[in-house]
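What Swiss-Prot records for 304-317 is compositional bias 'Polar residues'. Positions annotated as compositional bias 'Low complexity' by Swiss-Prot: 319-341. The region 'Disordered' annotation in Swiss-Prot covers 277-341, 356-402. Sequence annotations record features per position, and here Swiss-Prot assigns repeat 'ANK 1' to 6-35. The feature repeat 'ANK 2' is assigned by Swiss-Prot to 39-69. Positions annotated as repeat 'ANK 3' by Swiss-Prot: 75-104. The zinc finger annotation in Swiss-Prot covers 411-450, and the record cites sequence analysis as its basis.
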Amino acid sequence: MGQQQSKGELLYQQVSYGNSEGIRALHRDGGDLEWMDREGKTPLILACMNSELFDVAKTLIELGSNVNAYRPGRHAGTPLHHAAKRGLENTVKLLLSHGANPLVLNDDCQTPLEVARVKGFSNVVRAIEKHICLFSGWMREFYGPTFLDLFAPQLLSRRVWVVIVPTGSRNPTKPFKLELVVYASLQDAQPRTVMPLWKANLEEPKAKQSDTSVMIVDNSTIPSRRMKKRRVCASHGRRRPQVVRQTRLKFAPSTEGDSQQLKWFCDACKGIPQPMHPPVFLQAPPSAPPPPSEDGLAMGMNASLHTTMSDPSNLNHHSIGQASSSSGPSSSTAPPSGKASAFGFNSHGIGIVLESSPSAPPLTDDDIATVDDGPIHYPSIDSTPVDLPSAASLPASTEGERKEDGNTGTCAICLDAPSEAVCVPCGHVAGCMSCLKEIKSKNWGCPVCRAKIDQVIKLYRV
């Protein structure tokens, strides 16, 4: 007699039959939703490969199937990869609405968005970009020789669809890299231009100028072999200034004089999403711990407040994120006096913006002029050696406490998940995303200072 089939295999077979009721019955009897065939396909992956199995895919997701189940091998990946490859727009939207990660790379180093572009499914490309973009909209792109812009700028511009999206990465703990994508029309799946923003500089229009355009310069260097030869020649002879090949893109708002759209575009290039339409993947962590009970929240808040009162230095520390210097020059403007805008961002990823009350004396007119005209000077780092106590001499009670800088501590409420969310507007990094959202929904206030929480933002550390 042949080997008896498992309930998971029977459930897998019911997917190909389109039998949703049979799937529910087998799941109640213990059928495994993550059973894999010889090719590594789960029931959900199989359902996402056929447009006629949309209801089956919806049933599997409702029963708890893993929307990010990974199938190794060429032309494989997550359920979202398979749906994007076949142009199943409704299935793609279903997966995205239930937490599918659109930035996962398959074994071919492609995200679902890149798979849809290669296959030419513009509807799927628009659906994924709408879900993850920091900016999207019609703009005017200037082309042709630069000197002709002075004489006939309108004749040398064309209307293009511009999107700023994060790229995929093998390491989800690193900040996301951003790229600028330009399409000739909404019907195009393949972009006309793709520029990596972590290798580019943004030249914003100055406030006193009437020119409402922005230029992005790609400072990608010459290939490594030629650069190596140049360095060898420079070391043996007289040094010459190296000329770097540049790619320039110049944009203006689709409606002349629309400074608000231009500001949103410039902010998105720096990693700041639009305030009214932030990307969905920035609003919640991909895998959040279960919400704690009300008693646990209350105990955690009391313990956090007690710790803060005993250590007043924590009250004045607003940890927003670590910033790193860019490899090339960047243009920055000082925030208006009266409010300090803190922005944790480096040239390789997405930062978080939050406004807080000023913690330093206001800038004078001379200081503001210096900031506008010259580079920003950051405080120097004290490299004086510090005597630290050994691990054996530390008291045992400090093992589970949060570090003073708040960067690597755990949640002060559930004491389980990492402290990865910030309260707005007070700026305290007080806990994990799940706990702080629960506190905000109950209007309990910040666990550190009891201030009202207007928004909870997830931090992406460098």
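Keep in mind that glycine also has a Cβ here, set from the backbone N, Cα and C atoms.
Across the zinc finger (411-450), mean pLDDT in this model comes to 84. Counting residue by residue with DSSP, the repeat 'ANK 3' (75-104) contains 16 helix, 1 strand, 13 coil. Across the zinc finger (411-450), the DSSP tally of helix, strand and coil residues reads 9 helix, 6 strand, 25 coil.
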